[in-house]
Amino acid sequence: MTTAVPTSASTDPSLPVDRPAAQQPEWPDRAALDDAVATLGSLPPLVFAGECDDLRDRMAAASVGEAFVLQGGDCAETFVHATADNIRDRIKTVLQMSAVLTYGAGMPVVKMGRMAGQFAKPRSKNTETRDGVTLPAYRGDMVNDFAFTQESRTPDPQRLVHGYHTSASTLNLVRAFTQGGFADLRRVHDWNVGFVSNAANRRYEGLAREIDKAMRFMAACGVDFDAMKTTEFWSAHEALLLDYERPMTRVDSRTGDLYDTSGHFLWVGERTRQIDHAHLDFVSRIRNPIGMKVSDKADPEELLRIIDLLDPEREPGRLTFITRMGHDTIREALPPIIEKVRDSGAIVTWICDPMHGNTFESASGFKTRDFEHVVDEVRGFFEVHQSLGTVPGGLHVELTGNDVTECLGGAERILDADLNKRYESVCDPRLNHQQSLELAFLTAEMLSSR
Ligand SMILES: O=C[C@H](O)[C@H](O)COP(=O)(O)O
Ligand SMILES: C=C(OP(=O)(O)O)C(=O)O
Ligand SMILES: [Mn+2]
């Protein structure tokens, strides 16, 4: 485990600095850090507080079964991969999944990217050893570089500023694509027809045909498809690096409230959600919609105390629990947690992350996940909510629009021996484009059969 370290002074005096924070980099040069933090504090916000309020409303709808949330993107974004093609293909994947899920759920899908800020990683070890050489662990491009040299792995606070600029250009393109016509429902549907026409995906043809019929019905009714050329698309990342999130936190001129303007939705990870530490204290002070990862190890009593801290007003949409339990554990571990929360009268939006409880090392030494396990955790999530009469509010997935070989299985039957062909993630294995769409079709089937 990493040790909790005190964190840098905030540009906002209302944010305290005296709580321990786990998983923070050991910046070697304090003056350089202060410099980077001051620069961030002077740069414009990436999102507007009013947008965060709108997203809170969308999350509130998901908490009562009037919308379904899809959060997707890289485990760790990198600076060099923030290219137009990569960003386009990730958005395309999320849009395609959303179209299928909208049909299956019969409700609007709240689309969110693990994008434009997902540059920092918590790690299980502080160091990495290769061939007898031990160096600091890679903690995300906003901290250090993936290359295995002393120089690359030394935390550099200028990377925080670089992360801001890469987030800005990513978000700019996300906004351009989703407002400029790329998201046109007719195009998205055509892409999905292309997906099922591939022999490996024939199993999903029936559902695609149903959607096709629904589209023709809508056209015959005179639905204005031009009005569906744009879509809302929100940015989300783990609020891990307090030296980034604090200077990006600003006072909303309309209300005087604090918002973390680095993204619309921020979540706190499984490794940093200690109730008396800095991360929960930080997010308790901002008005953004907040997520928190919840593993099978979570103590239900503690979760109630966390709800009191983060959502004292019991405001629908404010708090999302992103459960990540493991496919073989979710059916036993999730019910007592949901019951405790439900019986307390608290309203949280429940989202399933079927990735982080299902990671293992393959025989050939790759960190991987099996598509079957991912699907089984999603199935377990729906089963548990169905049996308790609670609302399964969405999915949180690590994915890419590229044809990588990082997760096993799926219709393309990726095997351990295939993982080395195109393993590009610098942290966790992502579903590739095909596997992501398959997951969407299978989830849509689960949603529509309820
Ligand atoms: O998403 C992140 C990983 O699960 C987390 O960083 C831990 O990964 P590690 O065990 O490789 O450090
Ligand atoms: C580190 C992550 O998840 P968790 O905090 O659930 O382990 C992640 O989402 O990449
Ligand atoms: Mn991850």
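Just so it is clear, glycine is given a Cβ too, placed from its N, Cα and C backbone atoms.
Marked as compositional bias 'Polar residues' by TrEMBL: 1-13.
Per TrEMBL, the feature region 'Disordered' maps to 1-25.
Secondary structure at E398 (Mn(2+) binding site), as computed by DSSP, is strand. Annotated Mn(2+) binding site per TrEMBL: C75, H356, E398, D428, in sequence order.
Feature annotation from TrEMBL assigns phosphoenolpyruvate binding site to R114, E270, R271, K293, R324. Around the Cβ of R324 (phosphoenolpyruvate binding site), a 10 Å sphere holds 22 further Cβ atoms from the protein chains shown. Secondary structure at R324 (phosphoenolpyruvate binding site), as computed by DSSP, is coil.
Within 8 Å of the Cβ centroid of the Mn(2+) site, not counting the listed residues C75, H356, E398, D428, the chain contributes M355, T359, S425, C427, P429, R430. Within 10 Å of E398 (Mn(2+) binding site), counting CA to CA, the binding-site residues E270, R271, K293, R324 contribute nothing. When the binding-site residues R114, R271, R324 are screened for a C-alpha within 10 angstroms of the C-alpha of H356 (Mn(2+) binding site), the residues that qualify, in sequence order, are R324. Within the set R114, E270, R271, K293, R324 that the record links to phosphoenolpyruvate, no two Cα atoms are more than 18 Å apart, and one pair reaches that distance.
In the three-state DSSP assignment, the secondary structure recorded for K293 (phosphoenolpyruvate binding site) is strand. If you measure from the Cα atom of D428 (Mn(2+) binding site) to that of R271 (phosphoenolpyruvate binding site), you get 15 Å.
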